[in-house]
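These features come from Swiss-Prot:
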type: ACT_SITE; residues: GLU164; note: active site
type: BINDING; residues: CYS121, HIS163, HIS167; note: Fe cation binding site
type: REGION; residues: 1-24; note: region 'Disordered'
Amino acid sequence: MAGSFAQLAKNAEKKKPSISVSKEPVENPPLKVYQLGDEALRTPANRIVKVDDAIRKLAKDMLITMYSSKGIGLAAPQVGIQKRLLVIDLNFEDPNSPPMVFINPEIISSSATVDTYEEGCLSIPGVYLNVLRPSSIKLSYRDEMGRPKKMNADGLMARCIQHEIDHLNGVCFVDKVTDEEELKKQLNENNFKRSDVIKATN
C-alpha cells in the first residue's frame, strides 16, 4: 500500500501546474504594458529555441501583469519582449482555474465559419470594437515545459488565441476593424492616433 500511495503522490505532483501564480492584482506589476503607437507592438516576435527557467519566469511575470490589468490574454511583444510567447486565462476571477502558456503557437487550420465579436486590448485601453475572425481553429504549440501540444479551440478561446498570435506578428486588433467611423471615434476619445493603425490584409 505504501508503494501505491507513493505512486499516487507522484502522479498528483505531475498534474500540478508548472507555473503557479496568484491571480490577485499587484500594485506594481513586474512588466510594463506598451500601448498602441510604440514600435514594440509592430515588431514580429522571434521563435523561442529553448524552453527554460528564464522563459517560465517571463511567463509568470506576464501572468502577474495580466491579472493586475484584469486581462484574459497577453503576448510577449506587449511587454516589449520579442519572443513568441503568450499567456491566456479566460477565468481570471477563478483562483482554481489554471492559466495556459503557449510557446511558439501556430494556427494549423481555421474554420470557414466566421463570426464578429467585440474585442479589447490591454495595449489599447478604452477601445472596444467588433472584429471578424474564424469561429474555430486548430493550434500547435509548446507548453511551459517545452512539451509539444495540439488543441482545437472555438468560441472565446479561439478568438483570444488569434488576437494574441496577431501580436506576435506585429498586428493589433484595431488593424482588422472595418467600421472606420467608430474606429476613429474611439481612438480619438482615448488619445490614440489613427495613423498608428495599419490596415491588415487578412
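Residue numbering: from 1, along the chain as shown.
Using the three backbone atoms N, Cα and C, a Cβ is placed for every residue, glycine included.
Quick caveat, the model's predicted, so the values are computed rather than measured.
Sequence-distant neighbours of HIS167 (Fe cation binding site) (same chain, six or more apart, CB under 8 Å from its CB) are LEU41, ALA45, ALA75, PRO77, GLN78, LEU86, SER123, listed in sequence order. Cβ neighbour count for CYS121 (Fe cation binding site) (all protein chains, 10 Å cutoff from its Cβ): 26. The Cβ of the residue listed as 'active site' has 24 other Cβ atoms within 10 Å, all protein chains considered. Taking the Cβ of HIS163 (Fe cation binding site) as centre and 10 Å as the limit, one finds 23 other Cβ atoms among all the protein chains shown. Cα spacing between CYS121 (Fe cation binding site) and GLU164 (active site): 9 Å, rounded to the nearest whole number.
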